[in-house]
Structures are given as structure tokens and as C-alpha cells.
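Colleague: What follows is a structure written as C-alpha cells; I'll ask about it next.
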Number of protein chains: 2
Amino acid sequence: MNNTKQKIIQHSLVLFNENGISKASLRDIAKQADISVGNLQYHFKKREDIVELLYFELVDKLDNITALKTDDILKSFINIGSESITIFYDYRFFFLDFISIIRQHDKIKNHYSELSKHRKDSFLEMIDMLIDHGLFRKEELKGEYQSVYKRIEVISNFWFSSILIQSKTLSKKAIDDYSLVISQSVYPYLTEEGRVHYKRMFNEQVL
Amino acid sequence: MNNTKQKIIQHSLVLFNENGISKASLRDIAKQADISVGNLQYHFKKREDIVELLYFELVDKLDNITALKTDDILKSFINIGSESITIFYDYRFFFLDFISIIRQHDKIKNHYSELSKHRKDSFLEMIDMLIDHGLFRKEELKGEYQSVYKRIEVISNFWFSSILIQSKTLSKKAIDDYSLVISQSVYPYLTEEGRVHYKRMFNEQVL
DNA sequence: AACAAAGTAGTACACTTGTACTAATCAAAA
DNA sequence: TTTTGATTAGTACAAGTGTACTACTTTGTT
């Protein structure tokens, strides 16, 4: 990608993450990237093109999460979550402005919808494997693990928003907090054997 | 409250809920309420005053959730959640624009922060009661129920946002979906006796 | 009836925004 | 070297926004 173009999206990302998309005017971005507004417009015909490009950058990075095939399947299950949220953090503007973006970009909306479906399928597949390995218990309610996924989905999409509501700023600590909350949310579904693994992984103090 | 003022906030709420705060200009609101912009400005010096007033309306309604002291304590536990989310729905603009509101209104941010703390305390008290009654199991991880609350908090705050990401519009069905997801999220913490109650309440098909 | 206060309408202004447009500069190929 | 196309800067404009301001109308009190 062009050097200038690179500079633009790089600085856009910073501005977006800091104060939200709506607070970053084209003039702000141009100034930050140390180029003229005319130049900015030359590279991005429409303002929203920047957002789209950043979104698909995010998607790319998510696609490249390798399952990290450890022999410990529970560990890689948890790892995928951690890696995802780490990428989310880098593009947090997207999640902080989720609704307004979705309302404006049908393309992004549709794409993310599809992406979520895939992620859900992968999740459920992984759960099946974990059940087969005797680490997770079987479903006791109808659609129980779908419901588990739904919860994790909401929490991951809006974790940073949730943090920002209560604290002044957002830091990388939010990533670890997320991992803790998610792993704890999964704990009750573990079998005896699964809990042994869990304990080993987190050195969690089981009461 | 004044009749005109009432009309303003009523129509503001509709517009806000439909397309988000940022898409509702003062002229839009005035037009919708069938008054002049001048008149609108007479009643609300600053645009943000409307938002604040609506927010405190929401808070008022939340305060008035009576515990509905059924003899069934599990039922009233679930009921509080349902009633909350029903009120949330009426003021959904607030949750759909959560971050931008928070960024703009320190007053609201601080207030909601406090409110959340109270809600958390109430939640944990209720859990203690449920444990005492033998319906919930004891904590097995450190801060386990705090983590449960955190999850419920995020999900309730961003449930409607989450729905809107995937579907075209928002309907009251979202309320029931929420109740299902939340009750399922609590199920694994129930004791044997608790699960009997649960089954009775929801006629849930336990596999 | 008179009058003060509250309520209402309409206009105007200053500011910001996205973006269209033109001219200047640069890079590279012929 | 010339020339062509890509890149950059700067200016201008139209639209929309919040809000200040003035004048008119209604209401209620004395």
C-alpha cells in the first residue's frame, strides 16, 4: 500500500481509538497525518472508505488467528479468545462506535453478521470436541451452548465499551480482565477432569 | 411537568430510539413535536438537557422496580432482571448510544457508575440469600459471583446493541430473548433443588 | 380591564462539516 | 529532455448544526 495511504489509516486509527470516529473530522486526520485535506481526499474519496479499510484490516487479522494447536485443547480454546480480544483492542474504535458504524455501513454490517456465524460454528465445534474429550459436560438445557456463545459474543463485542463506562480510560489491562471473566464463565460447564485442567492453567484458587 | 415540555421529551425519545441521538437535530425534534425551534429552545436551553432529563426518567423507573416479593425467591430474582430490561427497552437509545453519551455527559457517567455499584451489591445480596435457601451453590472460584454479575451487567447494557448488529430492527421480542439467555446463564450455578425450581418456572426441557 | 410573565414563532448568525475544484509539484517513461 | 500521469496543496462552497435574539401571542393575576 502507498506510503501516504498507510500514514492516513495509521493516524486515523489512533484518532478513532482515542475519541471516537465522530470526533475525528477529515481536517483532524489530515493534520495528524501531516498532509493536506486535498491529499487526504485524493486517497479516500469518501470519508467512510477509511473506516471500511480499517474494518477489513481487523477482519484480516482475525482470520489469521491460528488455532495454536497445543495438545491441550482447553488451552487453545481459551487462547483463541485471548487472541481475538487482543486484536479487538487494537481496533477498539470499531467496537466503541459499533452501532453508529453498523447504521452507516451496510457492507460492514452484513460482513460482520456472516463472520459472527462462522465464529459461532467454530465455537460449537470446539465445544463438541471438548465434550468428546471429557472436559466439558453435555448440554443439560436445549440450546445451552448456543446460549453460552451468545453471551460470550455480546461480552466480547462490548467489553471495552463496558470498561469505558466505568473508568476514565482504556488500557491493556482490560484484555486480561476479559480473559478472566470469560474463563470463569466457562468454568461451570467443565467436568471434574476439565476442572483439573482449569486449575492447572490458571493456578486458580479453587475454594 | 409542562405540557409542551412533555411533548418535547416524548417525541425526542421516539426519535432517539429510532435513529440515534446524533441523527435527531433540534429542528427534527421541533418538527416532530409540532412546535418551533425557538419554543424548543425556550424549554431546553441546551440540547443535552433533553438527554439528561430522559436519563433521569429512566433512572426513576428503575428505582421503582419493587422486588415483587413472591415467596419464590428465585422467581423474584429472575423477575427483577426482566423488569429492568423492559425499562431499558423503552429507553434503548441510551444503551445504543451509550459510549457517545458517556463521553459527553460526565454527570450521567458518574451517576450510572454509582447506580451500577448499587445494582451489583443488591445482586450479590440476593445471591447470598439464594445460597442460604439452598438454591444456588456456593462459590467455587474466588470472586465467582462478582464475575457472574459483571457478565450480566455487560449483557444487559449492550443487549439491544447486540441484537441490532445482526438484525434490521429492534422489537420487543428482544426482551424475551434476553430473559432466556440470562436465566440460562444462571442455571449452572443452581443446586439440585434450584434446578427443580428452574424447571417449574420455565417448563424448560431438561435433557 | 390592564398588565406582567410565560410561552411561542421566526429569523439570523457563526461555526463545522464533507467535498468539489483548480493549480502546482513530482516521478517516471518515452 | 519532454511529456504524461500521479500526487499534493490550497481554496471555495453548500449544507447542516446549535443557538442567540427579537417580536408576537397567550395566560393568569390584580
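From the backbone N, Cα and C atoms, a Cβ is placed for every residue, glycine too.
Per TrEMBL, the feature DNA-binding region maps to A:25-44. Positions annotated as domain 'HTH tetR-type' by TrEMBL: A:2-62.
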Colleague: Grab the same-chain neighbours of the DNA-binding region (A:25-44) for me: Cβ-Cβ under 8 Å, and only residues 6 or more beyond its ends, written as numbers and ranges.
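Modeller: Same-chain contacts beyond the ends: 2, 4-5, 7-8, 10-12, 14-15, 50, 53.
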Colleague: Using DSSP, tally how many residues of the domain 'HTH tetR-type' (A:2-62) sit in helix, strand and coil.
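Modeller: Helix, strand, coil within the domain 'HTH tetR-type' (A:2-62): 51 helix, 0 strand, 10 coil.
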Colleague: Along the DNA-binding region (A:25-44), what average pLDDT does this model show?
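Modeller: The answer is 97, the mean pLDDT of the model over that range.
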